[in-house]
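Student: This is the feature table in TrEMBL:
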- Asp25, Glu27, Asp219: Mg(2+) binding site (BINDING)
- Ser160, Ser161, Lys194: substrate binding site (BINDING)
- 280-307: compositional bias 'Acidic residues' (COMPBIAS)
- 266-307: region 'Disordered' (REGION)
Amino acid sequence: MMAPQKRSAEEAESLLVGVRCIVFDIEGTTTPISFVKDTLYPYVRNNIEDYLNKNFENADLQKAIAALRDQAAKEKEEKVEGVVEIPSGDASKEDVVKAVCDNVRWQMDGDRKTTELKALQGMIWNDAYESTEIKGELFEDVGPMLKMLAEEGFQLYVYSSGSIESQKLLFTYSSQGDLSDVFAGYFDTTTGSKNESASYKKIATEIGNEPKDILFLTDIPQEAEAAVSAGLRSALVIRPGNAELTDEHLQNFACIERFDELYGDEDDEDDIKRFAGDNGEAEDDEDEEEEGDEEDDDGEEDDGEDA
Ligand SMILES: [Mg+2]
C-alpha cells in the first residue's frame, strides 16, 4: 500500500532534509525514454549479428548465450508462446548465432526486460559506447546536479531495469562527460523487480542506511509506491516524453521536473545559478523566461497540489 507523501508548504522547501542517499532511476528520470527506444534498442537489433560473429569465442559472451539458452529452455517447459530456443554448444556457430539473434529480437519485440536479455544487450552497448558510436543521453540538469549532490556529501546510487553494466556505460560515456565518479553503487533487476517493495528493502540493507534516509527518484508511480512501502522516501520525476501522471499520483507524491527542484522553491534560482556557473544575468526575471518547456514553475505547481 502506498503511504501518501503530501508536501506541506514547509516540506516544499526541500526534499533533501534528512536524506543521506539518493537512488536514481534512469529511463524517464535522468534520461529521455526515447534514448532507449530510439538509440539503444535499435543499435542492438542492427548490430547483434555482427557482434555475435566477431566475439563468438569470448568467454563472457558464451556465458551470456548459455544464460539465454537456459532461460529459453525453461520457458519452453512453461509453454511460453513463441519462445525461440537456442541450440546447445555443440551446434554450429551459424545456428547458434541465428537462434540468439531470433531469441533476442523476439524478446525485444515483446518489450521484455529479462536479466538474461539485458546482460547480452549490455555487452553490445559496451562496444558501441567504447567506440563512441553511442553517447549516454542525459537531461541538461542531470550532470551538474549529480556532481553537486555528490560534492555535498549525498551518497548517490542508480536503480534501473538496465543491467548494471549498461548503467555504468551510460554515465561513463555520457553526453555530459564521465559521471561514473558520482555514484557509490548501482542496482539492477538482479536485486529484484522495481515494483516490489522487497527490492527497496534490500537496497537499503546493501547501502547500509535506514530506509527513511533514502530518497528514490523515478518516473513510475508503481515504483515510487513500492519504495515508500519499504520505508524509503520517493518523488516522481516529470520529464518530456514520459507517460502522463494521474491527478492521484500528482497529489500523492512530491513531483519534480528538474533535479534542482530537490532543493525546494526558495533556493531554486540560486542553486540553478550556482551549479550552472551562471551569473544570472539572463535568468533574473523568471516570468520573462521564454526558453519554454524546461523552465519550471515548480513553486506554484507543487503548492497547487497540496491537499
Ligand atoms: Mg523510469
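Using the three backbone atoms N, Cα and C, a Cβ is placed for every residue, glycine included.
Bear in mind that TrEMBL entries carry predicted annotations, made automatically and left uncurated.
What's the neighbourhood like for each of these?
Tutor: Take the CB of Asp219 (Mg(2+) binding site) and look out to 10 A: across all protein chains shown you find 22 other CB atoms. Under the three-state DSSP scheme, Asp219 (Mg(2+) binding site) falls in the coil class.
In this structure, Ser161 (substrate binding site) belongs to neither helix nor strand by DSSP; it is coil.
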Student: For the recorded Mg(2+) site, enumerate neighbouring residues of the same chain (Cβ within 8 Å of the Cβ centroid of Asp25, Glu27, Asp219, site residues themselves excluded), in sequence order.
Tutor: Ile26, Gly28, Thr29, Thr30, Thr31, Ile33, Ser160, Thr218, Ile220, Glu223, Val237, Asn242
Student: On a C-alpha basis, identify the one among Ser160, Ser161, Lys194 that is nearest to Asp25 (Mg(2+) binding site); the candidates are the binding-site residues.
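Tutor: Closest by Cα: Ser160.
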Student: For Glu27 (Mg(2+) binding site), just count the other CB atoms lying within 10 A of its CB, please.
Tutor: 22
Student: Which residues, sitting 6 or more apart from Ser160 (substrate binding site) on the same chain, put a CB under 8 Å from its CB?
Tutor: Phe24, Asp25, Ile26, Glu27, Gln167, Tyr186, Phe187, Asp188
Student: Where ligand 1 binds, which of the binding-site residues Asp25, Glu27, Ser160, Ser161, Asp219 are close by, with Cβ under 6 Å?
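Tutor: Asp25, Glu27, Asp219, by Cβ distance under 6 Å.
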Student: Taking the Cβ of Ser161 (substrate binding site) as the centre, how many other Cβ atoms fall within a 10 Å radius?
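Tutor: Total other Cβ atoms inside 10 Å, all chains included: 20.
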Student: Starting from the Cβ centroid of Ser160, Ser161, Lys194, which together make up the recorded substrate site, report each further residue of the same chain whose Cβ lies within 8 Å of that point, ordered by sequence.
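Tutor: Same chain, not in Ser160, Ser161, Lys194, Cβ within 8 Å: Asp25, Ile26, Glu27, Lys113, Tyr159, Gly162, Asp188, Thr189, Glu223.
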